[in-house]
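Engineer: Per Swiss-Prot, the features are:
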- G71, F76, I120, E121, R134: S-adenosyl-L-methionine binding site (BINDING)
Amino acid sequence: MMFHVKPQGGNGVPDALRAKLDRFAEILTRWNSRINLVSPRDLAHLWDRHIADCLQLASLIPPGVRLADMGSGGGFPGLIIAMATDADVTLIESDQRKAAFLREAARAVGARVTIIARRIEDADIPPVQVVTARALAALPQLLEWSSHFLAPDGFCLFLKGRNVEDELTAAAADWHMAVSRLPSRTNADGTILRLGDIRRVRHSERAPGR
């Protein structure tokens, strides 16, 4: 079945990138009948709910950086970023079947990626300037995982939903960070978090009772 990326939300996507996204969507649709990469009801809305959502991050990523995407699953957002930028992307995915999908999709679209088929906490990779994740875990856990390989001058980009402020409050108990909030262009309840200057709260800085 030939799958064409839908044009809505896709204005400004170069033809070469659109062709790669079409090929990626074809492969994802085929694999989704065997393993759960996205909800079956989302297949007809891959552009709006998944691809365009992840493409928002491309303009926020500096040229040529090393980037780690945690819990890459169906390729969101890491493989989309690899197609849309020149970042050196590492995809971390512990599910072996999903990692196999990522390998096939990356080869088919010519994406520059390294795939680590291990748990995030067991991934042994050099420091990266950017860490990304989408629909993976609450912010405190994302920051804990990121701390293993985020460079001191690096930052995180996380796609978050309506509970973002609660997650930021919870994370502030253990982490100092400079927070930038960018409204999602594809999800009315969504927020892109850019977190920099991240460091763990020292015991002496904790509020009484924590």
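The backbone N, Cα and C atoms fix where each Cβ goes, and this holds for glycine too.
I'd like to know what surrounds each of these features in this structure.
Structural biologist: For R134 (S-adenosyl-L-methionine binding site), the count of additional Cβ atoms within 10 Å of its Cβ stands at 24 [all protein chains shown].
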Engineer: Give me the non-local Cβ neighbours of I120 (S-adenosyl-L-methionine binding site): same chain, 6+ apart in sequence, Cβ-Cβ under 8 Å, ordered along the sequence.
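Structural biologist: In sequence order, M70, G71, I92, S94, W145, H148 meet the Cβ cut-off.
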Engineer: Secondary structure at G71 (S-adenosyl-L-methionine binding site) (DSSP, helix/strand/coil)?
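Structural biologist: Once the DSSP labels are grouped into three classes, G71 (S-adenosyl-L-methionine binding site) ends up as coil.
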